[in-house]
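The structure appears below as structure tokens.
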Amino acid sequence: QQGAFHERYILSGYRSPDYSLAECLRSAFRPTNETGNFWSHFLPLFFFSYRVLEVLGWPLWTYFLGVACLLLGSSLAHLLNAMSLVVREVCFFLDYGAIAAYTVGSSLAYFYYIHPRAGLLDRDPERFYIPAACAVAVVCVLCCSLTRQRWRRHRYLIRTLVFLLPLLVSSTPVFYRLLAGSPYVAGSASWAASAPSPAFFWRHCLWLLVSAVFNVAKLPERLAPGRFDVWGHSHHWFHCCTFLSILNQLHMI
Ligand SMILES: [Zn+2]
């Protein structure tokens, strides 16, 4: 049972695997190796809510819900996973589900705000694009959950590659938009409002790439096992980079 709780190169700072709910909640205020993981997605939730409420309009709600799911699901999964092995598995299953919900929310936002043509199939894109985004999200959750039982040696690499798929599928409106330009009449208000911001998109991709490198390479704890047990291990940096990528995505939309 201990093995399931143990991260490679993280030697100490673990909570014992039989915490009650109250102990888990209290552990948010103690230095353990999950404290940073919890706060690095819990605090951005408030910051992000504030930014979205400023500019809110339907259907940006769906995007906001996706991001809120991701940040809340992730922070709670990190906080509560010390209750038992079963709770831990459920926590991370919900965490993957939350990431999948975020990819669907992003797809809807891209569809409405970036380009209504998904690019791959020009006719009736909504018949293919949104269902495809949902199907890919379900496949991601199943694959990531499987890596908790099988292929454990390469689990971080597999999870990272699996989430590359929704990135590619949901970004097709952005690719289409970058290649084909705006669907609106040049100079009109809609055209100005939907002016493409490729810089934000590439920055969004860059931060995702950096977060993937941290997740797979397990840096910096790989270089000095034990030194980054509580603060500064790869998963903290992974959280910070994913949040920066989401911020750039919000600016792009
Ligand atoms: Zn995490």
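Cβ coordinates are placed from backbone N, Cα and C, and glycine is handled just like the others.
Zn(2+) binds HIS235, HIS239 as TrEMBL records it, and from the list HIS6, HIS78 the residue named for this site is HIS78.
Cβ crowding, taken as the number of other Cβ atoms within 10 Å, peaks at HIS78 among the binding-site residues HIS78, HIS235, HIS239.
Shown in sequence order, GLU34, GLY36, ASN37, PHE38, SER40, HIS41, SER74, HIS236, PHE238 are the same-chain residues outside HIS78, HIS235, HIS239 whose Cβ sits within 8 Å of the Cβ centre of the Zn(2+) site. Beyond the transmembrane segment (156-179), the same-chain residues lying 6 or more positions past its ends with a Cβ under 8 Å from any Cβ of the stretch are 99-100, 103-104, 106-107, 110-111, 114-120, 129, 132-133, 136-137, 139-140, 143-144, 147, 196, 198, 201, 205, 208, 212, 215-216, 218, 252.
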